[in-house]
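What follows is a set of notes on a single structure, which appears directly below.
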């Protein structure tokens with residue numbers, strides 16, 4: 001019996017000697033996530049999808065710029081208590097602001113060229129392209145610039161609070177007279193709609209202004 005056990009053990013040991021060692025596993029390389037908007041580019045690090053309408057479109061990697069944009073507003077020696085303002089917050093604030101102005105501009109430009117005028121004789125008969133020179137000659141452009149300057153100061157104060165650690169979201173001025181933000185689900189949908197329509201309006205205004213100058217005519221801007 002002992003001899004049989006010895007033979008079995010010896011045979012098993014000899015058979016293992018002819019078994020090739022398993023090849024070492026190659027280290028697994030984790031591929032970088034790709035941008036949803038531009039699938040052949042890597043997703044920007046700062047764009048993690050948490051912002052409304054964020055689809056990872058930043059081919060120039062502007063959101064990854066390592067710079068405190070508060071320096072463009074207030075020198076450090078005036079206030080050393082701030083925590084900084086990242087490129088992502090700065091550019092998102094700019095995108096929302098310009099998108100809102102562009103939406104108003106498209107509406108105003110088209111409305112004028114469709115016949116809406118201020119009830120003042122000096123503006124009668126002018127289209128949106130001609131209105132600029134009329135505003136300058138009459139001096140009313142100064143009033144408009146003062147109003148814009150006031151808005152810039154108000155908006156700048158909100159942005160500066162962000163640089164001091166405020167939890168204020170970009171573009172949030174607590175202006176909601178219709179109470180559209182009471183429902184969190186609807187509010188999230190409205191935020192996405194605002195961003196998308198603002199982006200479209202910025203492109204549309206450039207096209208409308210260019211076509212209006214080229215045709216020197218009214219809506220719909222073709223000869």
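Keep in mind that glycine also has a Cβ here, set from the backbone N, Cα and C atoms.
Note that TrEMBL annotation is computational and uncurated.
Since this is a predicted model, take the numbers as computed values, not measurements.
The annotation signal peptide is assigned in TrEMBL to 1-17.
The chlorophyll a binding site annotation in TrEMBL covers 63, 95, 98, 194, 197, 199, 211. Cβ neighbours of residue 199 (chlorophyll a binding site) (same chain, under 8 Å, six or more residues apart in sequence): 53, 95, 99.
The chlorophyll b binding site annotation in TrEMBL covers 100, 161. Listed in sequence order, 168 are the same-chain residues six or more apart from residue 161 (chlorophyll b binding site) with CB atoms under 8 A from its CB.
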Chain-internal residues near residue 98 (chlorophyll a binding site), provided their CB is under 8 angstroms and they sit 6+ positions away: 198, 202
Who sits close to residue 197 (chlorophyll a binding site): which same-chain residues at least 6 apart have their Cβ under 8 Å from its Cβ? 99, 103
Quick one: of 63, 211, which of the binding-site residues has the smallest count of other CB atoms within 10 A? 211
Which one is closest to residue 100 (chlorophyll b binding site) in space, judged by CA to CA distance, out of the binding-site residues 63, 194, 211? 194
